[in-house]
Amino acid sequence: MEPFLEEENRTRAQLMDSSDYVVTVNETDLENEIPENQDPVTMMSILVVGTFLTLLIFLSVAGNILVCVAIYTDRGLRRIGNLFLASLAIADLFVASLVMTFAGVNDILGYWIFGAQFCDTWVAFDVMCSTASILNLCAISLDRYIHIKDPLRYGRWVTRRVALGTIATIWLLAALISFVPISLGLHRPPQPLVYNAGGQNYPTCALDLTPTYAVVSSCISFYVPCIVMIGIYCRLYCYAQKHVKNIRAITRPIDLPENSNTKKSMKQKNKALHIHLHNHHSSPYHVSDHKAAVTVGIIMGVFLICWVPFFCINIVAAFCKTCIPDITFKILTWLGYSNSAFNPIIYSIFNTEFREAFKRILTAHYPAWCKCGYQSVSLNTNDKFVTDYGTKTVIVNARRNGSFGEFSSEHLSTESVHQTRVNSTERDLFGEGVSAI
């Protein structure tokens, strides 16, 4: 009898253990499912984050497509210096379409649903496109420095072949630093992390870099180009300061003798010299260079704000996995991605040629009654004159090989616009050969 009771107690204990195990599993499943599927606060945060990321991706894609279309369709923007801009726009377009799209889905869901093999491809595109974008910014800065420092030799040094070769080198270097190490498995530790949801394990896909790869890739992708760009703009600033001092020294008043005739003559010569120098240094060519330097300076400033925080924590996270919270790493990663959306906005705000090209592209298919408030008089395929219906203001846009000028008058009538011409010398003066950046 006693052996039978012992066997019954043993069986009952095993059943109790099994039921406890079942309850534990069910409780674990509920803990995984209820917060994600039924918590309204979590759902609202996912909706807000998803809407924001979708808007950011849309702005990045649309803005960079607009830049590429503007450079391709506008003859005035088809200059050698703008080839670097086109390459930058393509890199930012790839960041938005190939990187940000999948990163948004991954961050919202919390796990990777596109397969382990595509994870490596996505990480490679992430590194390649971000690196190409940064290196293109470095090339743009160098191009502007050469053009402003030595404009007479710029045409001989920066040819179309040189520009295309530089762009090809940028993309080749970006591909080598991304696809080769990642295809060899040198970019991540051997044990990938998993995410448990609903009782199932899902793989994660993130920049879980080894310390060696994190340091090498960060130096090539960011730190070296960043130092080069900062050095270029320090040189440009010193050059601009020296240039201003030389102008002030040349235009400094001259001590005149007491003879009234000589004094009057010297005043006239000094005034003429001052006017000549003022006109020379305030010419559209020089002003265009100044605006170009300001625009690229703003682009570089926004670039530093977006990418410096990420590349600082990227190296720290490679050496210390628990030092950087996951949410902080994601926010700073998206801050870097957002740089791809800011560049087209900077062009449209600070560059007149791109702003005009964007307006022309966006309003190309508007009906005639929408284009109210101005009248266009087309003289030939290259020249365009626009005037208000009133007689107070006349704006003349003279386009020849992409150059343009604007003039205002308070007394010209609409009929006089038909008789207005801009000679070839003035057209050449309006920034021909100057990059639009």
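Positions of Cβ are set from backbone N, Cα and C atoms, glycine also.
These features come from TrEMBL:
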- 46-71: transmembrane segment (TRANSMEM)
- 63-347: domain 'G-protein coupled receptors family 1 profile' (DOMAIN)
- 83-102: transmembrane segment (TRANSMEM)
- 122-142: transmembrane segment (TRANSMEM)
- 162-184: transmembrane segment (TRANSMEM)
- 213-238: transmembrane segment (TRANSMEM)
- 292-319: transmembrane segment (TRANSMEM)
- 331-350: transmembrane segment (TRANSMEM)
- Which residues of the same chain, at least 6 past either end of the transmembrane segment (213-238), have a Cβ under 8 Å from a Cβ in it? 127, 130-131, 134-135, 137-138, 141-142, 144-145, 148-149, 173-174, 177-178, 181, 186-187, 293, 297, 300, 304, 307-308, 311, 314-315, 317-318
- Query: Among 83-102, 122-142, 331-350, which stretch has the highest count of C-beta pairs below 8 Å with the transmembrane segment (162-184)?
  - Reply: 122-142
- Message: With contact taken as 3 or more Cβ pairs under 8 angstroms (pairs 6 or more apart in sequence), are the transmembrane segment (46-71) and the transmembrane segment (292-319) in contact?
- Response: no
- Message: Below 8 angstroms Cβ to Cβ, which residues of this chain, lying six or more residues outside the transmembrane segment (122-142), approach it?
- Response: 81, 84-85, 87-88, 91-92, 94-95, 98-99, 102-103, 114, 166-167, 170-171, 173-175, 177-179, 182-183, 187, 205, 207, 217, 220-222, 225-226, 228-229, 232-233, 296, 299-300, 303, 307, 336, 339-340, 437
- Message: Can you tell me which parts of the same chain pack against the transmembrane segment (292-319), counting only residues 6+ beyond its ends and a CB-CB cutoff under 8 A?
- Response: 134, 137, 140-141, 144, 147-148, 207, 209-211, 213-215, 218, 221-223, 226, 229, 233, 236, 240, 328-329, 332-333, 335-336, 338-339, 342-343, 346-347, 350-351, 434-437
- Item | Overall pLDDT for the domain 'G-protein coupled receptors family 1 profile' (63-347), taken as the rounded mean | 81
